[in-house]
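Enquirer: Below is one structure. I have some questions about it.
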Amino acid sequence: MQFLWLCLLSAVTLQFTGTLAFYPIKLPDFTKGLVSNHGSIDRRFFTFPGLYKHAHTGSTTLNIRRGPSNYRRDNNYPAQIASPPTAPNTLGINNDGYDFSYFSEVKVGSEGQKMWMLIDTGASGTWVFGSDCTSKACGRHNTFGKEDSKTIKVTDEKWGVTYGTGKVSGVIVNDTMSFAGFELVTPFGSASTASDDFLNYPMDGILGIGPQDPNAKTPTVVQLLMQQKLLKSNVIGINLQRASEGATDGQITFGDIDKSKFSGELIYSNVVPDGYQWEIAMDDLIMDGKSLNLKGRTGIIDTGTSFLILPPADADLIHSMIPQANKGSGFYTLPCSTKVDIKLSIGGVEYTIQPDDYVGNETATKGTCNSLIVGRQILGPKQWLVGDVFLKNVYSVFDFDKNRVGLAARKYAGTKNPPSSTPSPGMFLLHAILCPKTISVLMLHIDPTSNKAPSGGSPGLPAESGSDSTTNGEATNGATSSPNSSSSVLTPTWLTLAVFFAIGSSLWS
């Protein structure tokens, strides 16, 4: 039985508290509105079998990073490692080998403790598992604390994230974080307790690179980089590697744009008015050349979300255009051979979403796969959560000074049919209301030593580096305001995606 777990989550500091609510909702009755009437912070969890089409990648060989016992305990996570970066201020972004999560290595403290951090444009706060944590989940991850650094300063400011079956909580600490050629003293959360849910989380923490609420009292990592004038330009450029292409050029560039990663020019869209996330206006969705007339939609551009998540009515319309697509038990299904041409139009440009990215794993019915375009009413009636299903097809730029997002068609070396972008006949712009900040984390249950499905244990992921950077021309459209490794053949046995929504208040307020 599949379930959709709707959980109200509160993020707390000394200045902010919240309440907890838990809403189990059986699937496939997923067309009912799930937007909570509660204030503060909302979290919703999607639980389902693995949605990745196994035939999509065939047998995927992944590097398994194994370090000394004092470096990583038993958390040897599989990953497709990005190539070491050659450009300054660039950090490699790795993936789990199945294109569900993207993460990088960050060194923390005076001794440079290595932590695998989820790269998240939907969050502004940063946190790690603390070494004083005795929870089982912390034992499966790298942790960081007083014994790992001579420069750490522990505050008495409480910090925590509470959700349905458990929580992560601790205090705010201050110490050095080193990444992409920067060494930055910054505040971040240190988790001293963590629920068993985190046994399945691949990351040791989250590196939040989303925009901050202007009322927040604590600066974010990106704000500190800008305040100290460490960036050539106050932009961040991201390209996510696609495992099925064998690509290893995933990277995030701080302060610059890598022209080699995209074709054509970057087209910019302004963030919607009063938006405290990377939310931009979208024009339409085009399928096999036919406009669906999905006007007035906005999308939160979120590297931390695996799927394309949109209101059920929009998902229904999209799947009505796919031959033999059916509303299955919680998710749409479609023929695994589906090749419908899907383009998302943003800023007057149509960006292709490859079938490999929206067609998921095969179901119990041979030849039938799950769709990774998911219908859920988790945001507003015209708001979409635009995650990695789309973002693997583009190079994305996040401009903090001009409060805008730039997109261009992504280049994949050696790809016969790379993602493309073509001008659309016109665009419709909408000023959207303030909507939730978004971060997401997924869980993979994988046996890191064989291709047999394990009966228990933890999933996988690590991280390393990737690529070069140059500047380019630009165009604008948008809303008018405002350390040894080995290899194994791995097959995912199940997947849980947790999509987090923070409403109205920052974790760091």
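Every residue, even glycine, has its Cβ placed from backbone N, Cα and C.
Fair warning: this is a prediction, and the values are worked out from it, not measured in the lab.
Per Swiss-Prot, the feature active site maps to D120, D302; the stated evidence is sequence analysis. Annotation source Swiss-Prot lists compositional bias 'Polar residues' at 466-480. Swiss-Prot lists 102-408 with the feature domain 'Peptidase A1'. Annotated N-linked glycosylation site per Swiss-Prot: N174, N361, N484, in sequence order, evidence recorded as sequence analysis. If you look up Swiss-Prot, you'll see S485 marked as GPI-anchor amidated serine. Positions annotated as signal peptide by Swiss-Prot: 1-21.
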Enquirer: Compare the Cα of D302 (active site) against each of the recorded positions D120, N174, N361 and report the nearest.
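Expert: That would be D120, the closest of D120, N174, N361 to D302 (active site).
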Enquirer: Could you state the whole-number distance in Å separating the C-alpha atoms of D120 (active site) and N361 (N-linked glycosylation site)?
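Expert: Their Cα atoms are separated by 25 Å.
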Enquirer: State the Cα to Cα distance, in Å, between N174 (N-linked glycosylation site) and N361 (N-linked glycosylation site), rounded to an integer.
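Expert: About 43 Å separate the Cα atoms of these two residues.
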Enquirer: Quick check on the glycosylation sites: of N174, N361, whose CB has the lowest count of neighbouring CB atoms inside 10 Å?
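Expert: Minimum Cβ neighbour count within 10 Å, taken over the glycosylation sites N174, N361, occurs at N174.
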Enquirer: In three-state terms from DSSP, label D120 (active site) for me.
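Expert: Reduced to three states, the DSSP call for D120 (active site) is strand.
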Enquirer: Across all chains shown, how many C-beta atoms besides its own are within 10 angstroms of the C-beta of D302 (active site)?
Expert: 27
Enquirer: Once the chains shown are all counted, how many other Cβ atoms turn up within 10 Å of the Cβ of D120 (active site)?
Expert: 27
Enquirer: As a test of reading the model: what is the averaged pLDDT for the domain 'Peptidase A1' (102-408)?
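Expert: Within the domain 'Peptidase A1' (102-408), the model's average pLDDT equals 92.
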